[in-house]
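These notes concern the structure reproduced below.
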Amino acid sequence: MDKSTIITQMRQLIQLIAQHNHAYYVMDQPEIEDSEYDQLFHQLKGLEQQYPDCVQADSPISKVGGQALSKFETVTHTVPMLSLGNVFDETELYAFARRIEERLAQQQIQYDVELKFDGLAISLWYENGVLVRGVTRGDGETGELITQNVKTIRNLPKVLYADQQAVPELLEVRGEVLMPKAGFLRLNAEQQAKGEKVFANPRNAAAGSLRQLDPEVAASRPLAFYAYGIAQCVPHHGLETMSESLDWLTGFGFAIGEKHFVCDSIAAVQQIYLEINQQRPDLSVEIDGMVIKVNNLQQQKQLGFLSREPRWATAYKFPAIAALTTVEQIDWQVGRTGTITPVARLEPVAVGGVTVSNVTLHNIGEIHRLDVRIGDTVSVYRSGDVIPKVERVWTELRKPEQIYAPVQLPSHCPVCDSPVVMPEGEALARCSGGLYCSAQRIEAIRHFVSRKAMDIEGLGDRWVESLLHLNLLDSVADIYQLSEHREQMLQIDKMGEKSLQNLLDAIEQSKKTTLGSFIYALGIRGVGESTARMLANCFQSLDALKAADIDALKRTPDVGEITAEWIYDFFKAPHNIEILDRLIAAGIHWDAPLAPSRQPLNGQSWVITGTLSQMSRDDATQALQALGARVSGSVSSKTKCLVAGEKAGSKLEKAQKLAIDIMTEAEFIAFIASHNAGQ
Ligand code: IVH
């Protein structure tokens, strides 16, 4: 190969890696599997090794390792953040205990047994009781300064106070940041509703959220902190044991694991380990084992460290919850935005108490990586105790007489038969049928009629399916033609005159909307509710948005390069334009949004808290957004004003502390009314 071809290839790889870094770290929405990302890396590395004189100055290869990302400031840990050794079974646990007993001959030994959180380790510094810095573990020696993000974690004390104990001058607390399971499921449901990528497990979700450069985004994520140790304390706390230090930390308001134990013997440790492994699905957070520590702090000191691990502690990992089963079929599912996702249909199998019969294989790249084929034996585990995944394919169990055909990406959509496309550099294949595809259509219609979109109450899934069946709903535009098909609709099971009239009335009412809701209803990839409103505010009219080029789209807050391209492509597709024209012709209309020059709250950040009695929170949010404000979930020094309803709690306190403007609901209603009167 000639030199210029090599350099072109390297440049392409560098660009792809940069693009995926952005998607992963900044947008928090990885577009490819980790394994595919590694593959890109690998390719570039290979080229660089083969052609060292072509290495590009901005190559990411030399910058990688456990190092901190360049976007956050790097900090050196005063006390290094070390790792733990592992034991995996009873024999290894006893060996761990024997090594300790030999070093502490003739001493009584107690063990402190804690949950091993599966999140991200961080260090927190408090000076005279005030949280002054938060740092990630990084490579253990240096980490990233993420104080702003850490301060958005709700259950973490920002200021220490206690009735019973003195606040130290300096306190460095170590612990783990996690996303509790309930919050993880909620976040994923929201991501899905926005048409955005869901997180594979709580750990990834927590990692992505902590690394958010925008603390407002981090604040909107349900993170929690659990303390498990003290790295420094001046003056010394004078405590004698690990379990006392945990209690002492709770005295300052730190959360610790929902369970911890002190055991007098290693046999008791083993017993606890077995019990907690059973209870694991019922815990509120993800754990991957237990941590066993010598309880006495003096004894810990005496034992010390062996290279980078303490001799006084170990992780006792749980076996992965996995089970063997066979792949009966691989189906391809079509999502709202046309993504075609392979799903393996399994012979049902119990995994950690739950029956699993379907498992997503994510994309064709993952199928090739695993080399999974119909008929294969696979081990399935529940990642994060929640989502089942294929761990590995047991190719050695393939029967010689059986044929295992490699899985191919279908060339045509299994639902509408349109060609399947897979743009270069993307991991996901898509049906190119757009709204012609009934699978995409049903999802698109569901989204279009949803409350925050066109809000057509009564057009539930059942009706939608029946209408599709009668060929009355080819696209969302047909919704507004339904009144011409009364007779046919009355044929639908359980559709009486009254329910039909209610439905048609709801459809009629939905014609009056807002530009933001309409844009959201279109279901453009990457455009959630708040992005839709931003677009409405910035572009002011549908025509201006339709005509916008990528640069103009990118200037909208919240819209990055990739989303800008998606929006651009949406408005370039002729079938989308045809549907838009029909919708407008049917009479969908809205009041023109206020011009940015007349949006009095442009650029301001507002927060709503407590219960509002006269209006819904959604309406209040919309009213603020229409005036140009951004509505955020947490109070910070940047907050312009807090609207405090009944039973306002910690946000109100915080706003008072920060001397931020506060409005009661009545004041807020008067405020909005005065602005709207002046339009
Ligand atoms: S104590 C000297 N306690 O496990 C290290 N670590 O493999 C003392 N971890 O990165 C660590 N739960 O983030 C400790 N209850 C717990 C823990 C815990 C999770 C993590 C920690 C560390 C990793 C070590």
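Think of each number as a place in line: the chain as shown, counted from 1.
Cβ atoms are placed via backbone N, Cα and C, with glycine included.
Binding site for Zn(2+) per TrEMBL: CYS413, CYS416, plus CYS437 from the candidate set CYS437, CYS538.
Distance noted between the C-alpha atoms of CYS437 (Zn(2+) binding site) and ASP38 (NAD(+) binding site) is 34 Å. With DSSP states grouped into helix (H, G, I), strand (E, B) and coil, the domain 'BRCT' (596-665) comes out at 22 helix, 20 strand, 28 coil.
Taking ASP38, LEU84, LYS116, LYS293, CYS416, CYS437 as the candidate recorded positions, the subset whose CB lies under 6 angstroms from any atom of ligand 1 consists of LEU84, LYS116. Ranking the binding-site residues LEU84, CYS413, CYS437 by other CB atoms within 10 A of the CB puts LEU84 at the bottom. GLU36 (NAD(+) binding site) is surrounded by 19 other CB atoms, counting those within 10 A of its CB over all protein chains shown. Confidence in the domain 'BRCT' (596-665), given as mean pLDDT, stands at 87. Between ASP38 (NAD(+) binding site) and LYS116 (active site, N6-AMP-lysine intermediate), the C-alpha separation comes to 28 Å. Taking the mean position of the Cβ atoms of CYS413, CYS416, CYS437 as the Zn(2+) site, the remaining same-chain residues with a Cβ inside 8 Å of that point are VAL334, GLY338, PRO414, VAL415, ASP417, SER418, CYS431, GLY433, TYR436, SER438, ALA439, GLN440.
Under the DSSP three-state reduction, ASP38 (NAD(+) binding site) is assigned to helix.
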